[in-house]
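K.L.:
Got these off TrEMBL a minute ago, pasting:
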- 107-526: domain 'Amino acid permease/ SLC12A' (DOMAIN)
- 101-126: transmembrane segment (TRANSMEM)
- 132-160: transmembrane segment (TRANSMEM)
- 172-196: transmembrane segment (TRANSMEM)
- 216-233: transmembrane segment (TRANSMEM)
- 238-258: transmembrane segment (TRANSMEM)
- 278-296: transmembrane segment (TRANSMEM)
- 308-332: transmembrane segment (TRANSMEM)
- 360-384: transmembrane segment (TRANSMEM)
- 405-426: transmembrane segment (TRANSMEM)
- 438-459: transmembrane segment (TRANSMEM)
- 471-496: transmembrane segment (TRANSMEM)
- 502-518: transmembrane segment (TRANSMEM)
């Protein structure tokens with residue numbers, strides 16, 4: 001066969017000299033990365049090409065007649081395509097095993113994305129509300145978030161993809177809905193959440209470094225993590241693993257160092273707060289457990305994702321709950337019975353009182369500082385994967401999904417960086433934008449939970465192997481998680497309406513709708529319809545079962 005001859009004789013010698021075939025590839029209107037995937041031995045079935053990055057299927061453009069041509073002629077036509085696809089693979093090589101996320105790396109990413117500044121801000125503020133029973137409020141808060149995150153982790157393990165926040169919804173619910181919720185989350189995270197993280201880290205830095213303004217330090221911190229992510233996933237994982245390890249050690253040190261066991265006898269359950277107050281505090285604390293669900297963005301970049309993703313959740317979530325309860329207990333154990341402070345934050349006062357000056361500096365840098373920057377580092381990676389997934393679907397220009405100049409997705413990361421700098425220096429209301437981002441993330445979760453119900457129905461009808469998704473407990477978790485997500489989203493939306501701050505969120509959503517329609521109209525000229533991305537959910541699951 002011509003194909004075999006070309007593969008054995010020309011692929012090793014081709015190098016990067018196949019640019020002349022590029023226009024031919026574009027002429028037949030095929031996705032270059034899908035063609036590149038063929039070299040790895042995957043075949044086409046019924047006009048469907050398994051997607052190399054997302055683990056799913058994509059229908060070939062309707063104008064393509066390649067799959068209708070007899071096999072020998074097809075080989076002849078595909079020969080130059082395969083030549084160029086080797087160039088594509090050299091340009092965007094698949095991740096080697098050693099560069100993929102291990103279980104430890106995934107746990108570190110999960111912990112880093114979850115433990116943020118909220119732990120240190122809310123622990124001090126809410127200690128005044130419920131006093132000694134704050135750890136119980138943290139435990140109550142952890143329960144609904146467990147039911148939200150477990151099904152999403154199970155979905156990621158069942159169908160590992162890159163950019164799960166967008167992919168699952170676009171393939172099993174609606175392409176436009178998948179884009180819109182990802183659009184709202186990504187844009188508001190870039191404009192609000194990332195600048196807020198960098199300013200918080202800069203404010204902590206300014207307490208110990210006398211020179212430079214807070215804005216300059218924020219710009220420097222943002223630039224550092226931008227450059228770090230440009231160097232590739234391996235350095236990102238190394239830095240993230242180190243930072244999360246130090247963060248966990250700092251929290252454990254603080255727990256054992258400042259807990260005042262002798263003060264516990266002053267408390268009794270007659271001081272137990274009213275249930276209304278307890279649940280009100282718990283609802284605020286629930287947001288501090290959000291973040292670890294984002295690891296489904298990294299399914300295709302994880303070693304053995306079908307087992308590792310769920311294991312990462314089972315390891316990281318209990319660790320986070322224990323750290324939260326232990327840290328809050330160490331603070332409230334130092335409060336007096338009436339837990340009244342004349343002024344200031346109880347957390348800061350307790351830590352300053354119990355630690356010497358050197359220990360206090362180490363705690364601030366290893367605790368709150370690292371809690372913020374691990375979230376910052378993680379969100380850079382997570383946002384880039386959602387953008388990459390949408391780029392693979394042609395929603396964004398092809399250049400955003402390419403590695404260039406030896407850098408990892410430079411256009412994608414530069415886009416995130418520029419938007420974050422706009423939020424940093426244009427004096428916008430970052431807290432409101434960060435709230436929009438949280439609402440966007442809840443919408444992502446709600447849509448993913450609905451995707452699970454659709455997938456379960458397909459699995460049942462097609463008699464496919466659903467793995468953990470078939471377990472009744474997952475269905476119960478989906479229902480409870482959806483109820484909890486709607487409740488938390490309602491709280492955030494109500495607060496925005498009360499403060500007349502909902503309009504900007506609606507405007508951002510409207511811009512996303514306009515962009516989707518305009519982009520889809522442009523792509524239709526090339527016989528590509530974004531609304532057809534969810535046309536074959538059954539084939540996606542059938543091929544996923546073959547991969548299993």
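Note: Cβ is positioned from N, Cα and C throughout, glycine not excepted.
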K.L.:
Across the domain 'Amino acid permease/ SLC12A' (107-526), what does the pLDDT come to on average, as a whole number?
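P.N.:
Residues in the domain 'Amino acid permease/ SLC12A' (107-526) carry a mean pLDDT of 85 in this prediction.
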K.L.:
Which residues of the chain, 6 or more past the ends of the transmembrane segment (471-496), have a CB below 8 A from one of its CBs?
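P.N.:
Contacts of the transmembrane segment (471-496) (Cβ under 8 Å, skipping residues fewer than 6 from its ends): 144-152, 154, 283, 286-287, 432, 435, 438-439, 442-443, 445-446, 449-450, 452-453, 456, 502, 505.
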K.L.:
If I count Cβ-Cβ pairs under 8 A between the transmembrane segment (360-384) and each of 172-196, 238-258, 405-426, 438-459, which range comes out on top?
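P.N.:
By the under-8 Å Cβ criterion, the transmembrane segment (360-384) pairs most with 238-258.
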K.L.:
With Cβ-Cβ distances below 8 Å as the criterion, list the same-chain residues six or more beyond the ends of the transmembrane segment (278-296) that contact it, or say none.
P.N.:
106, 109-111, 113-116, 118-119, 122, 126, 129-130, 133-134, 136-138, 140-142, 144-145, 148-149, 152-153, 155-156, 161, 164-165, 168, 302, 309, 312-313, 316-317, 320-321, 324, 375, 378-379, 382, 438, 441, 445, 448, 484, 487-488, 491
